[in-house]
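Quick look at what TrEMBL annotates:
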{"type": "BINDING", "residues": "ARG82, GLY106, GLU129, ASN180", "note": "S-adenosyl-L-methionine binding site"}
{"type": "REGION", "residues": "192-211", "note": "region 'Disordered'"}
{"type": "REGION", "residues": "327-382", "note": "region 'Disordered'"}
{"type": "COMPBIAS", "residues": "335-345", "note": "compositional bias 'Basic and acidic residues'"}
Amino acid sequence: MALNKSMHPRNRYKDKPPDFAYLASKYPDFQQHVHTSLTGKPIVNFKEPEAVRALTCTLLKEDFGLAIEIPLERLIPTVPLRLNYIHWVEDLIDGQKQPRRGIDIGTGASCIYPLLGATMNGWYFLATEVDDICFDYATKNVEQNNLSDLVKVVKVPQKTLLMDALKEETEMVYDFCMCNPPFFANQLEAKGVNSRNSRRPPPSSVNTGGVTEIMAEGGELEFVKRIIHDSLQLKKRLRWYSCMLGKKCSLAPLKEELRKQGVPKVTHTEFCQGRTMRWALAWSFYDDVVVPVSECSRVKVTLCSFPQLFVGQSAMLSAASLLPQTPAVSPMTGEQKEAPEKVTGEDVDMESSTCTGTGQEADLKETPAAASEPPSKRPVSPSTVKHFLFKCLLNVIQEQSDVVIEMHWVEGLNRDLMNQLCTYLKNTLLKTVAKS
């Protein structure tokens, strides 16, 4: 349960994980899957589909009063992780008037998001499903929990996301949509043959999902891009669009896609449970929505561990003041901010980007009319569009006769890019000091 402390602060399992011994004594169906370790601790084998299913059904019954059935050949959700997503949606739509209405894209056999949202908050749900088996189980799970007045499960054609699902409800405005996209593009990727780091330990739990639940053309990246495309047409039919991601590498290109499309409000967060991490992305076309502050993002900025750093003589302090003028740093956007906790000194939040056209080329292409406009209103040439690479915090600290310069990673495509920049700045500063 290594990442439980990073779970959503309202998640009931954050500080009180499931008590396997107690649950086993109360639920015979779960008891048969609980074993005792060599240290006498009750444990569950998460690589056994039957055990994972028994735990999910037991937690839903014990903590939420929900009785569900899930086939072993379909995705079996873990309750704490799904609860993180529900709580984040609560944060997104906080302050809105009741009743609140949501859409669950690909609800699955368990129909877990609508069942939790309806039970906990009285939310109305439109739950879509393309798979026949999942649709039948989801419908049954809604009916046997007497939630048909709040949850409507609809069968939709393959590749249906939002546009086709909302054809019959042209006037309805929804507060949010939720989605667990298929993470993988093919069987090899699903098995981690090409994408999983060889040094990384194998998954600690079994994957029981059906083909439509875990695989899609182009994987989760293309799947979410299709949702973004639908949202550009639907716009204010939904106040918030959201998706959960299984790969951190999908986050940056999706945020860049939303930026290119001019979406005004974008936010993201992390979902943590045990040794599992997921990432979530949300966007809105409404100006009046409040973007919640992510607890995980706050921790990421204030508690960045293992920063890149180097130490120099005090003469380097004056040289460090020239950092913004160095060729590698001057094209970046920079914003002076309060230093992270436990860090004192001058702190600058930097964002690095690439540009497909040089400054000279941009000057040649700029028309006289555009040149007279303020920089913020000038038209952007396709050749000068910037692509986000990474963000980091640059901190300069004077300690007696020494100067400590730190670079803290925040987010981006590749941490090695920051390491390269750090090396470049170090060499530049040393050369500057040597010349002085």
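Note: Cβ is positioned from N, Cα and C throughout, glycine not excepted.
In this entry, ARG82, GLY106, GLU129, ASN180 make up the residues listed for S-adenosyl-L-methionine, with the farthest two CA atoms of the set 18 Å from each other. Note on ARG82 (S-adenosyl-L-methionine binding site): other Cβ atoms within 10 Å of its Cβ, all shown chains, come to 23. In three-state terms derived from DSSP, GLU129 (S-adenosyl-L-methionine binding site) belongs to an extended strand segment. Sequence-distant neighbours of GLU129 (S-adenosyl-L-methionine binding site) (same chain, 6+ residues apart, CB-CB distance under 8 A): GLY106, THR107, GLY108, PHE135, ALA138, VAL153, VAL154, LYS155, VAL156. Under the DSSP three-state reduction, ASN180 (S-adenosyl-L-methionine binding site) is assigned to coil, being neither helix nor strand.
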